[in-house]
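Below you'll find the structure, written out as structure tokens, and then a few comments.
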Amino acid sequence: MLDHSFEENLCTFDKREVVLGVDEAGRGPVLGPMVYACLYYPKENEEMLRKFGVDDSKKLTSSNRDKINVRIRKETDKFGWRIHSISPEYLSCEMQKRRKTNLNEISHIATINLINSVINNGVNVREIYIDTVGPPETYKDKLKQIFPNIGIVVKPRADSLFTSVSGASILAKVKRDDFLLNWWDQPGVDKFDLNGNDMSKYEQGSGYPGDPKTKEFLKLTFNPIFGFPNIVRFSWSTAIDFINKDGYEVIWDSLESGEDNQGKIFFKNPKKKSKFYNKIIN
């Protein structure tokens, strides 16, 4: 399983007051992780970020993002950060389990956990800036209940308005892009699709559902019985459409609960052949 992964440069800045920005990359794609990053620093270091050319990561070329990312990471005594990569499997399972967790809630939890981790390590966070997920006032009220003594700003397009959020967006975007460049070499990621083919030979594109290369990747790696390899977010409508159109239907004969209240599936000889069974024997 491609699990959660964390990366950080912890700086306490001798208890000086710091500002912290949070942003994500990869909310919409059907492939790969969703990456959340926070960047924090004393206010006097913000001018250095501006000189680096920090801006909304979507406005920068890939080359410029990479250069700024390197410059931030070199200044380990000037900037602290924490990056959280959320696996496609986790996203899909949370969104399809019996008590579903929607993508907004997953995003809120990731943000809160990042902030808590920084604060719990002794960083004196006084201001937080966040690109909104959902209605900004509702999100802000939720955060204020958890962090009542910290100034919180939640705005749409915060990555274009606040330097700390712009920097976080670059860290998140570069992290996700690096993953997609060499995803088949990442620990826990399927190297072969469920048809037994080496997926490193396929071009996956940007991972966004509208990308023709991504569509072709999904087509090549789809297995009608088992679905997709674990780089794919199988809860996304693009993946579901493949399954509904070309997947074999399986009908469970019974679903019962054991004494431990855990659901158990019992396979019995079906009274009538399922569509899946018909396809297998014909």
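Placement of Cβ uses the backbone N, Cα and C atoms for every residue, glycine included.
Caution: TrEMBL annotation is automatic and unverified by curators.
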Site-mate of Asp23, Glu24 for divalent metal cation in TrEMBL, selected among Asp56, Asp66, Asp77, Asp131: Asp131
Sparsest-packed among the binding-site residues, when each Cβ's other Cβ atoms within 10 Å are tallied, from Glu24, Asp131: Glu24
CB-centroid shell, 8 A cutoff, divalent metal cation site Asp23, Glu24, Asp131, site residues removed: Val22, Ala25, Tyr36, Ala37, Ile130, Val133, Ala158, Asp159, Val165, Ala168, Ser169, Ala172
For Glu24 (divalent metal cation binding site): DSSP state (helix, strand, coil): strand
Which same-chain residues, if any, lie at least 6 apart from Asp23 (divalent metal cation binding site) yet have Cβ under 8 Å of it: Tyr36, Ala37, Ser57, Ile130, Asp131, Ala158, Asp159, Val165, Ser166, Ala168, Ser169, Ala172
